[in-house]
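A short worksheet on the structure shown next.
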Amino acid sequence: MHRTTRIKITELNPHLMCVLCGGYFIDATTIVECLHSFCKMCIVRYLETSKYCPICDVQVHKTKPLLNIRSDKTLQDIVYKLVPGLFKNEMKRRRDFYAEHPVDATNGSNEDRGEVSDEDKRIIADDEIISLSIEFFDQKKLDGKDGEEKESTKEVTVKRYLQCPAAMTVMHLRKFLRSKMDIPCTFQIEVMYEDEPLKDYYTLMDIAYIYTWRRNGPLPLKYRVRPGCKKIKLSSPRNDMSGGRRPDTESDSSSDKPNSPSIVAAPSTSSSMPSPNTPVQSTHPSFPHISTINGVSAKVGHNGQTPFSSKVCKTSHNGSNSLG
């Protein structure tokens, strides 16, 4: 299973920090001309005395530079999600500020005042408690005609409700289900969102971000139990009927020993080799004077003798050669 690549937040800091104040983006604002981003308060104060970008010196606007900057909500959400505790601390700072200055609180939105309801929260902290529901995944409900779910009145699926930290992984949830339901290790447990299996390294925070959970109810999860995969041993291929050499993929017990030579079965020649009194038949019916000796085509002379150049050379044990 391929895991996601984890990198340190310090490696992303150049893309998440404002060059004017040296901190993480708060109310990220981007210049339209060059797409460089800064904190809203930082870039507004800077453009009061300059009409050029602080990074690349591109002219923002000739007379009114504030017309060419835009609020970047996407970038701000990324910063809040990547930096732990930043959103929570920023909302607390805003509430404390507007508590001391109640007159200014009427002009801003709820997020500007730091008063964000649970339904409007887009950021989830690591230590936050998430409510979730988990139930058995019934495949039969999805097998209805024309993709419609079957309404089963006989069987009612029981939901279980849990409160878990946002940093808890799917693997921990699987172990919890296995221990509570006494599921043997020979069976596999899959945790799912709707009909899609979830990775073991997903946290509840990841699931909420990926599937855009809006906090309008418990995080709906499902599970199913499957029998474990059995390891099947592949049988090695048999030797051919001709008694040829065994294939390399077959394990040979004699080859595993360092001092035992590998034995190769030689083909039987009792039925295939002709006897000395049997005349050699030609493999060329159109040319009966051509025959084959030891696989080599040889010509026979007028007197029925094989020429000297076509005779077979035999080697004896003492190294002396003789002609057949």
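Keep in mind that glycine also has a Cβ here, set from the backbone N, Cα and C atoms.
Feature annotation from Swiss-Prot assigns zinc finger to 18-57; the stated evidence is sequence analysis. Summarising the annotation, Swiss-Prot assigns motif 'Nuclear localization signal' to 81-95. Positions annotated as region 'Disordered' by Swiss-Prot: 232-324. If you look up Swiss-Prot, you'll see 256-279 marked as compositional bias 'Low complexity'. The compositional bias 'Polar residues' feature in Swiss-Prot is assigned to 280-295, 303-324.
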Mean per-residue pLDDT computed across the zinc finger (18-57): 95
Helix-strand-coil residue split for the zinc finger (18-57), DSSP-based: 8 helix, 9 strand, 23 coil
